[in-house]
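K.L.:
First the structure, which I've put down as C-alpha coordinates, then a few questions once you've had a look.
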(Lines of atoms letter the chains of each structure in order from A and count residues from 1; the text may use other names and numbers.)
(Lines give C-alpha, C1' and ligand atoms only; values in the text may rest on other atoms or scores of the structure.)
Protein backbone atom coordinates (compact mmCIF):
# COMPACT_ATOMS: atom_id res chain seq x y z
CA UNK A 1 0.00 0.00 0.00
CA UNK A 2 2.92 2.32 0.70
CA UNK A 3 4.13 2.32 -2.88
CA UNK A 4 0.79 3.25 -4.48
CA UNK A 5 0.36 6.02 -1.87
CA UNK A 6 3.78 7.44 -2.68
CA UNK A 7 3.03 7.24 -6.41
CA UNK A 8 -0.27 9.06 -5.92
CA UNK A 9 1.44 11.67 -3.77
CA UNK A 10 4.08 12.23 -6.46
CA UNK A 11 1.36 12.59 -9.09
CA UNK A 12 -0.50 15.12 -6.93
CA UNK A 13 2.68 17.15 -6.40
CA UNK A 14 3.39 17.14 -10.13
CA UNK A 15 -0.19 18.16 -10.88
CA UNK A 16 0.01 21.00 -8.35
CA UNK A 17 3.34 22.10 -9.82
CA UNK A 18 1.85 22.38 -13.31
CA UNK A 19 -1.12 24.29 -11.88
CA UNK A 20 1.31 26.70 -10.23
CA UNK A 21 3.26 27.16 -13.47
CA UNK A 22 -0.02 27.84 -15.32
CA UNK A 23 -1.22 30.36 -12.73
CA UNK A 24 2.08 32.23 -12.35
CA UNK A 25 2.73 32.33 -16.09
CA UNK A 26 -0.79 33.58 -16.81
CA UNK A 27 -0.70 36.37 -14.23
CA UNK A 28 2.83 37.50 -15.05
CA UNK A 29 2.25 37.45 -18.82
CA UNK A 30 -1.13 39.20 -18.90
CA UNK A 31 -0.45 41.87 -16.28
CA UNK A 32 3.08 42.70 -17.41
CA UNK A 33 1.78 43.13 -20.98
CA UNK A 34 -1.11 45.18 -19.58
CA UNK A 35 1.27 47.52 -17.76
CA UNK A 36 3.53 48.03 -20.76
CA UNK A 37 0.54 48.69 -23.04
CA UNK A 38 -0.86 51.27 -20.62
CA UNK A 39 2.37 53.21 -20.74
CA UNK A 40 2.74 52.86 -24.49
CA UNK A 41 -0.78 54.09 -25.24
CA UNK A 42 -0.65 57.09 -22.90
CA UNK A 43 2.99 58.15 -23.24
CA UNK A 44 4.29 57.10 -26.68
CA UNK A 45 3.27 59.19 -29.75
CA UNK A 46 1.63 57.59 -32.79
CA UNK A 47 2.17 58.31 -36.48
CA UNK A 48 4.50 60.61 -38.38
CA UNK A 49 3.02 63.68 -36.67
CA UNK A 50 3.85 62.24 -33.23
CA UNK A 51 0.28 62.49 -31.89
CA UNK A 52 -0.55 61.39 -28.34
CA UNK A 53 -3.69 59.46 -27.40
CA UNK A 54 -5.34 61.58 -24.70
CA UNK A 55 -8.78 60.00 -24.24
CA UNK A 56 -8.32 57.87 -21.11
CA UNK A 57 -12.07 57.39 -20.61
CA UNK A 58 -12.22 55.64 -24.00
CA UNK A 59 -9.76 53.05 -22.65
CA UNK A 60 -12.00 52.53 -19.62
CA UNK A 61 -15.01 52.04 -21.92
CA UNK A 62 -13.23 49.47 -24.11
CA UNK A 63 -11.88 47.54 -21.12
CA UNK A 64 -15.23 47.38 -19.32
CA UNK A 65 -17.20 46.51 -22.45
CA UNK A 66 -14.89 43.58 -23.20
CA UNK A 67 -15.00 42.30 -19.61
CA UNK A 68 -18.81 42.57 -19.39
CA UNK A 69 -19.21 40.59 -22.64
CA UNK A 70 -16.88 37.82 -21.44
CA UNK A 71 -18.50 37.64 -17.98
CA UNK A 72 -21.97 37.43 -19.57
CA UNK A 73 -20.76 34.58 -21.76
CA UNK A 74 -19.30 32.84 -18.69
CA UNK A 75 -22.62 33.13 -16.83
CA UNK A 76 -24.59 31.79 -19.80
CA UNK A 77 -22.10 28.96 -20.39
CA UNK A 78 -22.40 27.88 -16.75
CA UNK A 79 -26.22 28.15 -17.04
CA UNK A 80 -26.44 30.69 -14.25
CA UNK A 81 -29.04 33.44 -14.21
CA UNK A 82 -28.14 36.99 -15.16
CA UNK A 83 -30.50 38.50 -12.57
CA UNK A 84 -28.78 40.96 -10.20
CA UNK A 85 -28.23 39.61 -6.69
CA UNK A 86 -27.75 43.00 -5.02
CA UNK A 87 -29.67 46.26 -5.65
CA UNK A 88 -28.56 47.80 -8.95
CA UNK A 89 -27.58 51.10 -7.31
CA UNK A 90 -24.85 49.28 -5.36
CA UNK A 91 -23.34 47.95 -8.58
CA UNK A 92 -23.53 51.50 -9.97
CA UNK A 93 -21.73 52.92 -6.93
CA UNK A 94 -18.84 50.50 -7.47
CA UNK A 95 -18.88 51.37 -11.17
CA UNK A 96 -18.63 55.12 -10.53
CA UNK A 97 -15.71 54.83 -8.12
CA UNK A 98 -14.02 52.27 -10.37
CA UNK A 99 -14.30 54.58 -13.39
CA UNK A 100 -12.80 57.40 -11.33
CA UNK A 101 -10.04 55.03 -10.17
CA UNK A 102 -9.12 53.86 -13.65
CA UNK A 103 -9.38 57.34 -15.19
CA UNK A 104 -7.01 58.74 -12.55
CA UNK A 105 -4.67 55.82 -13.25
CA UNK A 106 -4.55 56.45 -17.01
CA UNK A 107 -4.42 60.24 -16.68
CA UNK A 108 -1.55 60.02 -14.19
CA UNK A 109 0.54 58.26 -16.84
CA UNK A 110 0.62 61.57 -18.72
CA UNK A 111 2.62 63.10 -15.86
CA UNK A 112 4.39 60.23 -14.10
CA UNK A 113 6.13 57.19 -15.50
CA UNK A 114 4.80 53.66 -15.12
CA UNK A 115 7.49 52.70 -12.54
CA UNK A 116 6.42 55.64 -10.35
CA UNK A 117 2.75 54.76 -10.76
CA UNK A 118 3.26 51.05 -10.08
CA UNK A 119 5.22 51.66 -6.90
CA UNK A 120 2.77 54.34 -5.76
CA UNK A 121 -0.05 51.78 -6.05
CA UNK A 122 1.58 49.86 -3.21
CA UNK A 123 0.75 52.80 -0.92
CA UNK A 124 -2.96 51.96 -1.20
CA UNK A 125 -2.68 50.06 2.09
CA UNK A 126 -3.37 53.21 4.11
CA UNK A 127 -6.58 54.29 2.27
CA UNK A 128 -7.77 50.65 2.27
CA UNK A 129 -7.25 50.49 6.04
CA UNK A 130 -9.06 53.82 6.50
CA UNK A 131 -12.04 52.74 4.38
CA UNK A 132 -12.01 49.29 6.00
CA UNK A 133 -12.30 50.89 9.43
CA UNK A 134 -15.07 53.29 8.35
CA UNK A 135 -17.16 50.94 6.20
CA UNK A 136 -16.45 47.43 7.54
CA UNK A 137 -15.49 48.33 11.15
CA UNK A 138 -12.33 46.25 10.73
CA UNK A 139 -9.48 46.27 13.22
CA UNK A 140 -5.87 45.93 12.11
CA UNK A 141 -2.75 44.75 13.91
CA UNK A 142 0.21 46.93 14.74
CA UNK A 143 2.25 44.97 12.18
CA UNK A 144 -0.20 46.01 9.43
CA UNK A 145 0.26 49.67 10.34
CA UNK A 146 4.05 49.24 10.39
CA UNK A 147 4.05 47.68 6.90
CA UNK A 148 1.71 50.41 5.62
CA UNK A 149 4.04 53.09 7.01
CA UNK A 150 7.16 51.51 5.49
CA UNK A 151 5.50 51.02 2.10
CA UNK A 152 4.28 54.63 2.08
CA UNK A 153 7.74 55.82 3.11
CA UNK A 154 9.37 53.85 0.29
CA UNK A 155 6.83 55.18 -2.24
CA UNK A 156 7.42 58.75 -1.06
CA UNK A 157 11.19 58.36 -1.50
CA UNK A 158 10.67 56.91 -4.98
CA UNK A 159 8.39 59.78 -6.08
CA UNK A 160 10.28 62.67 -4.45
CA UNK A 161 13.74 61.74 -5.75
CA UNK A 162 13.34 61.04 -9.49
CA UNK A 163 16.23 60.66 -11.89
CA UNK A 164 16.86 63.97 -13.61
CA UNK A 165 16.43 62.74 -17.18
CA UNK A 166 13.01 61.13 -16.86
CA UNK A 167 10.61 63.86 -17.98
CA UNK A 168 6.94 63.54 -18.91
CA UNK A 169 6.10 63.95 -22.61
CA UNK A 170 3.08 66.05 -21.62
CA UNK A 171 4.75 68.46 -19.25
CA UNK A 172 8.16 69.95 -18.70
CA UNK A 173 7.93 69.29 -14.97
CA UNK A 174 9.59 66.40 -13.22
CA UNK A 175 7.79 63.22 -12.18
CA UNK A 176 6.86 64.73 -8.83
CA UNK A 177 4.62 67.24 -10.62
CA UNK A 178 1.78 68.32 -8.35
CA UNK A 179 -0.92 67.29 -10.84
CA UNK A 180 0.53 63.84 -11.40
CA UNK A 181 0.83 63.17 -7.67
CA UNK A 182 -2.71 64.55 -7.12
CA UNK A 183 -4.07 62.08 -9.67
CA UNK A 184 -2.29 59.23 -7.91
CA UNK A 185 -3.73 60.35 -4.55
CA UNK A 186 -7.18 60.38 -6.17
CA UNK A 187 -6.51 56.91 -7.59
CA UNK A 188 -5.51 55.55 -4.16
CA UNK A 189 -8.56 57.03 -2.42
CA UNK A 190 -11.12 55.86 -4.99
CA UNK A 191 -9.49 52.44 -5.33
CA UNK A 192 -9.46 51.92 -1.57
CA UNK A 193 -13.20 52.65 -1.43
CA UNK A 194 -13.93 50.39 -4.43
CA UNK A 195 -12.02 47.44 -2.96
CA UNK A 196 -13.64 47.81 0.47
CA UNK A 197 -17.18 48.21 -0.89
CA UNK A 198 -16.71 45.19 -3.18
CA UNK A 199 -15.62 43.19 -0.14
CA UNK A 200 -18.75 44.29 1.72
CA UNK A 201 -20.95 43.42 -1.27
CA UNK A 202 -19.53 39.89 -1.49
CA UNK A 203 -20.05 39.30 2.24
CA UNK A 204 -23.51 40.87 2.34
CA UNK A 205 -24.93 38.85 -0.55
CA UNK A 206 -24.50 35.27 -1.74
CA UNK A 207 -22.91 36.43 -4.98
CA UNK A 208 -21.04 34.69 -7.78
CA UNK A 209 -17.92 36.57 -8.88
CA UNK A 210 -19.08 36.64 -12.53
CA UNK A 211 -22.40 38.14 -11.45
CA UNK A 212 -20.67 41.08 -9.80
CA UNK A 213 -18.24 41.46 -12.68
CA UNK A 214 -21.07 41.53 -15.23
CA UNK A 215 -23.24 44.13 -13.52
CA UNK A 216 -20.43 46.40 -12.39
CA UNK A 217 -18.74 46.36 -15.79
CA UNK A 218 -21.98 46.85 -17.73
CA UNK A 219 -22.75 49.85 -15.50
CA UNK A 220 -19.20 51.10 -16.04
CA UNK A 221 -19.60 50.69 -19.81
CA UNK A 222 -22.81 52.75 -19.82
CA UNK A 223 -21.39 55.45 -17.53
CA UNK A 224 -18.08 55.76 -19.39
CA UNK A 225 -19.91 55.86 -22.75
CA UNK A 226 -22.16 58.63 -21.40
CA UNK A 227 -19.11 60.50 -20.13
CA UNK A 228 -17.44 60.27 -23.54
CA UNK A 229 -20.52 61.74 -25.24
CA UNK A 230 -20.98 64.55 -22.68
CA UNK A 231 -17.30 65.51 -22.90
CA UNK A 232 -17.32 65.31 -26.69
CA UNK A 233 -14.44 62.81 -26.63
CA UNK A 234 -16.09 59.84 -28.32
CA UNK A 235 -15.73 60.97 -31.94
CA UNK A 236 -12.16 62.32 -31.48
CA UNK A 237 -11.15 59.00 -29.89
CA UNK A 238 -12.73 56.99 -32.72
CA UNK A 239 -11.10 59.31 -35.27
CA UNK A 240 -7.70 58.83 -33.61
CA UNK A 241 -7.84 55.02 -33.64
CA UNK A 242 -9.17 55.02 -37.21
CA UNK A 243 -6.13 57.04 -38.31
CA UNK A 244 -3.70 55.06 -36.18
CA UNK A 245 -4.48 51.37 -36.56
CA UNK A 246 -1.54 50.44 -34.34
CA UNK A 247 -3.24 52.33 -31.50
CA UNK A 248 -6.47 50.42 -32.17
CA UNK A 249 -4.52 47.16 -31.97
CA UNK A 250 -2.89 48.27 -28.68
CA UNK A 251 -6.28 49.14 -27.16
CA UNK A 252 -7.82 45.84 -28.29
CA UNK A 253 -4.88 43.91 -26.84
CA UNK A 254 -5.05 45.96 -23.62
CA UNK A 255 -8.74 45.07 -23.18
CA UNK A 256 -8.06 41.40 -23.97
CA UNK A 257 -5.20 40.94 -21.49
CA UNK A 258 -7.09 42.94 -18.84
CA UNK A 259 -10.03 40.54 -19.14
CA UNK A 260 -7.83 37.43 -19.32
CA UNK A 261 -5.93 38.48 -16.20
CA UNK A 262 -9.16 38.33 -14.16
CA UNK A 263 -9.59 34.63 -14.87
CA UNK A 264 -5.98 33.86 -13.96
CA UNK A 265 -6.38 35.89 -10.76
CA UNK A 266 -9.59 34.09 -9.78
CA UNK A 267 -8.03 30.70 -10.58
CA UNK A 268 -4.90 31.45 -8.52
CA UNK A 269 -6.78 32.65 -5.44
CA UNK A 270 -9.22 29.72 -5.60
CA UNK A 271 -6.42 27.13 -6.09
CA UNK A 272 -3.55 28.47 -3.98
CA UNK A 273 -5.05 31.13 -1.72
CA UNK A 274 -4.63 34.87 -1.23
CA UNK A 275 -1.17 34.70 0.36
CA UNK A 276 0.39 32.93 -2.62
CA UNK A 277 -1.37 35.37 -4.91
CA UNK A 278 0.02 38.33 -2.93
CA UNK A 279 3.57 37.03 -3.38
CA UNK A 280 2.99 36.55 -7.13
CA UNK A 281 1.56 40.08 -7.46
CA UNK A 282 4.49 41.63 -5.60
CA UNK A 283 6.89 39.84 -7.94
CA UNK A 284 4.79 40.95 -10.92
CA UNK A 285 5.00 44.59 -9.84
CA UNK A 286 8.76 44.36 -9.47
CA UNK A 287 9.08 42.71 -12.90
CA UNK A 288 6.83 45.37 -14.46
CA UNK A 289 8.98 48.18 -13.09
CA UNK A 290 12.19 46.58 -14.31
CA UNK A 291 10.77 45.87 -17.79
CA UNK A 292 9.36 49.40 -18.07
CA UNK A 293 12.74 50.89 -17.15
CA UNK A 294 14.42 48.76 -19.83
CA UNK A 295 11.75 49.09 -22.55
CA UNK A 296 11.07 52.82 -22.19
CA UNK A 297 14.56 53.81 -20.94
CA UNK A 298 13.47 55.19 -17.56
CA UNK A 299 16.55 56.04 -15.46
CA UNK A 300 16.42 55.26 -11.74
CA UNK A 301 18.19 57.35 -9.11
CA UNK A 302 19.91 55.62 -6.20
CA UNK A 303 17.22 57.06 -3.89
CA UNK A 304 14.56 55.36 -6.01
CA UNK A 305 16.42 52.06 -5.75
CA UNK A 306 16.40 52.40 -1.95
CA UNK A 307 12.68 53.25 -2.02
CA UNK A 308 12.00 50.15 -4.13
CA UNK A 309 13.89 47.93 -1.67
CA UNK A 310 11.88 49.37 1.25
CA UNK A 311 8.54 48.82 -0.53
CA UNK A 312 9.09 45.31 -1.88
CA UNK A 313 10.99 44.19 1.22
CA UNK A 314 8.02 45.24 3.38
CA UNK A 315 5.50 43.52 1.10
CA UNK A 316 7.43 40.25 1.00
CA UNK A 317 7.87 40.39 4.79
CA UNK A 318 4.12 40.90 5.20
CA UNK A 319 3.40 37.87 3.01
CA UNK A 320 5.86 35.58 4.80
CA UNK A 321 4.77 36.66 8.30
CA UNK A 322 1.12 35.96 7.47
CA UNK A 323 2.04 32.60 5.96
CA UNK A 324 3.83 31.56 9.14
CA UNK A 325 1.03 32.77 11.37
CA UNK A 326 -0.95 29.85 12.79
CA UNK A 327 -4.11 31.87 13.26
CA UNK A 328 -4.45 34.45 10.51
CA UNK A 329 -7.46 36.58 11.53
CA UNK A 330 -9.60 36.92 8.42
CA UNK A 331 -11.15 40.18 9.61
CA UNK A 332 -7.74 41.77 9.89
CA UNK A 333 -6.47 40.86 6.45
CA UNK A 334 -6.18 43.71 4.02
CA UNK A 335 -8.15 43.38 0.79
CA UNK A 336 -6.29 41.97 -2.16
CA UNK A 337 -4.22 44.04 -4.55
CA UNK A 338 -6.21 46.01 -7.06
CA UNK A 339 -5.61 43.49 -9.79
CA UNK A 340 -7.21 40.89 -7.54
CA UNK A 341 -10.46 42.78 -7.54
CA UNK A 342 -12.96 41.71 -10.21
CA UNK A 343 -12.89 45.10 -11.95
CA UNK A 344 -9.14 45.45 -12.12
CA UNK A 345 -6.94 44.34 -14.76
CA UNK A 346 -5.76 47.19 -13.85
CA UNK A 347 -4.50 46.43 -13.64
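In case you wondered, yes, glycine gets a Cβ from its N, Cα and C as well.
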K.L.:
Which is it, of 116-136, 326-346, that Swiss-Prot names as transmembrane segment?
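P.N.:
That would be 116-136, per the transmembrane segment entry in Swiss-Prot.
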K.L.:
Checking feature assignment: transmembrane segment per Swiss-Prot, candidates 93-113, 177-197. Which range matches?
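P.N.:
Based on what Swiss-Prot states, transmembrane segment spans 177-197.
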K.L.:
So, taking each listed stretch (116-136, 218-238, 247-267, 293-313) in turn and counting its Cβ pairs to the transmembrane segment (17-37) that are under 8 angstroms, which one gives the highest count?
P.N.:
247-267
K.L.:
Who are the chain neighbours of the transmembrane segment (218-238) in space, where the CB to CB distance is under 8 Å and they lie at least 6 residues beyond its ends?
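P.N.:
Counting only partners 6 or more residues beyond its ends, the transmembrane segment (218-238) has Cβ contacts under 8 Å with 53, 55, 57-58, 60-61, 64-65, 68, 72, 88, 91-92, 94-96, 98-99, 343.
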K.L.:
Excluding the flanking five residues on each side, which residues at least 6 beyond the ends of the transmembrane segment (293-313) place their CB within less than 8 Å of a CB in that stretch?
P.N.:
36, 39, 43-44, 113-115, 119, 122, 150-151, 153-158, 160-166, 282, 285-286
